[in-house]
Amino acid sequence: MNAHSKEMAPLMGKRTTAPGGNPVVLTEKRPADLTPTKKSAHFFLEIEGFEPNPTVTKTSPPIFSKPMDSNIRQCLSGNCDDMDSPQSPQDDVTETPSNPNSPSANLAKEEQRQKKKRLKKRIFAAVSEGCVEELRELLQDLQDLCRRRRGLDVPDFLMHKLTASDTGKTCLMKALLNINPNTKEIVRILLAFAEENDILDRFINAEYTEEAYEGQTALNIAIERRQGDITAVLIAAGADVNAHAKGVFFNPKYQHEGFYFGETPLALAACTNQPEIVQLLMENEQTDITSQDSRGNNILHALVTVAEDFKTQNDFVKRMYDMILLRSGNWELETMRNNDGLTPLQLAAKMGKAEILKYILSREIKEKPLRSLSRKFTDWAYGPVSSSLYDLTNVDTTTDNSVLEIIVYNTNIDNRHEMLTLEPLHTLLHTKWKKFAKYMFFLSFCFYFFYNITLTLVSYYRPREDEDLPHPLALTHKMSWLQLLGRMFVLIWATCISVKEGIAIFLLRPSDLQSILSDAWFHFVFFVQAVLVILSVFLYLFAYKEYLACLVLAMALGWANMLYYTRGFQSMGMYSVMIQKVILHDVLKFLFVYILFLLGFGVALASLIEKCSKDKKDCSSYGSFSDAVLELFKLTIGLGDLNIQQNSTYPILFLFLLITYVILTFVLLLNMLIALMGETVENVSKESERIWRLQRARTILEFEKMLPEWLRSRFRMGELCKVADEDFRLCLRINEVKWTEWKTHVSFLNEDPGPIRRTADLNKIQDSSRSNSKTTLYAFDELDEFPETSV
């Protein structure tokens, strides 16, 4: 028997006395008191953005209104003992009565049994509130409970008590989600307890099971909370450094509702700008730097994805990109492709990340052991002039999904004309234009011009109405050999155009029709014109007079299509864009509103006109709906008259409607159209040079696709460079003059320019004419005693 009755009470049941005050009795709430009423529960759910019965559909995007650590959670099953949203730990403390045989003692025993059932809640509450001593006592109680129960699977029981069954969140995750001054000590206690009970590996690598945060571990949370010391402790304790967080919250599809970082802890540290943790993870032998997520993206893909259009974020992304690439020393890391077949370079181009794209294309590493990681190599420098070799791997059209094709053909990129000004893209396109594209463009212009001339002559010297159509192959004075050859040429060329443009239309994407600079509408008008020509020729050969309608439309479209070839001149290239943009944006909107007015007022005015007499002498020009619409159209263009129609039911009302119509259309709508067209022309004029360059780039690639493979290989740009042993790359030489950057020491490859050949554009392009066609990058390095400056 105990000497004092108080010794029978557990430690948690003792009175607590405040310093200098009277003892305070902490009583435990009844289960009924712990259960919120229906009204109060609904009130708290509304605060957190929940609904009583949430309905999730597959089509609607998820709304992440509930954080990873929420203290307000629904209990739909009726059994809330496993929930990780505990009440205050003080609610579990009760005063032990002095008499063990009294009814209050029996009640205390029952309450003790209830506290054991709520042990999980109390552990979660202790770790979230930073109660170190209480956590030690609770873990000791849990360990004692395991010892008293025989035949118990201790590891499973402990994991059950330390893990929330509804989300898979452990008390370790709970502690990391609620950072406080005691968090480090709590983490140490939990890890020591797990190791002592042989559940460390399961405990530290437990993953979220909730759909939103599925796969997230304690290591991910520690990194996200920027806890470097705790991260190091977790890694040393055996945390999985290659775990993948695949929850919906981390899906790039919902990037505006969540955060995509590449799933792995290393990618998370890199995307949140934590270089110390990145270094810590990369020094760990277990870390797989080349790990790819469920979309095939590696860490470099993830960095490209999180880059934005403001300088601060781009700067840290570039630093992280550099750090990871240099520390890994693995060139293949940047050549890995995701599930869409894109490397980090190609992904930057597809997403329109101009700053990151510029950084990758012009990255130059001067240290000799790591020089193979560069994409730019300075061959020689003399004063302000330097000659650089740009790596064309995945840039030129010789590879699938090349950067050049992605930028030119991806109409979803708003700043693609800006990216085409980057090197080596700008010089590469310029070289292609001068080498073969301008000659092909000129030949195409000549053929189409001759085609239109021939079509016009054949149409002009056709049989007139008073002459019968000849037999298709009857060579008489009405159809000479010259006219027959002309028709055959027109038919053959129109057939070629229809086949070529038909294939182009078939390959068009819906987004191409939304862009003025995609040439989609030119493909349509070229195809329609060719089909009209073919149709008119066959109708004529079979003596159908309806051929004339097709022929007239074909001639009009044929000469209008000559506007396509204005892109060969910078001063005229923007006119076709202006016309397309005015028609598709301004005129179509005007016509929609105008037709509404025209139909409405036409019906109203025609309804006011009385029926015409049989002699039709006093018939009004507004007598029918079609006549009224025609007269209103004349008023719009200033050819109609504002006359009072005496044979109308209400002449004054009729005149009032006419005046209102003129004000709304002739005065208001037409002037609005003129103002909108003026604004469109002004906006296009500001971007005229960039628009012209994008037009020309698309034309160059279209002509390049028409070349046979053997001819395309002859026109391949660049020169073969040896970067390292068995590492040869195709590089483009670009000479640059930078008067603002004088170089006292540059990490270049050759000591002088060597013999060079003059080109038409010496300051931009310089072809090497050295005796060896292969440029060896290890040929020369300067002495180390001079201070090195950036190139």
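Cβ coordinates are placed from backbone N, Cα and C, and glycine is handled just like the others.
Computed from a predicted structure; not experimentally measured.
Looking at 1-37, 741-777, the stretch flagged in Swiss-Prot as region 'Disordered' turns out to be 1-37. Going by Swiss-Prot topology annotations, Leu541 is found across the membrane from Arg698. Across the repeat 'ANK 4' (261-291), the DSSP tally of helix, strand and coil residues reads 16 helix, 0 strand, 15 coil. Residues of the same chain lying 6 or more positions beyond the ends of the transmembrane segment (650-686) and with a Cβ under 8 Å from any Cβ of it are 574, 577-578, 581-582, 585-587, 589-590, 593-594, 597-598, 601, 604-605, 608, 632, 635-636, 638, 642, 644.
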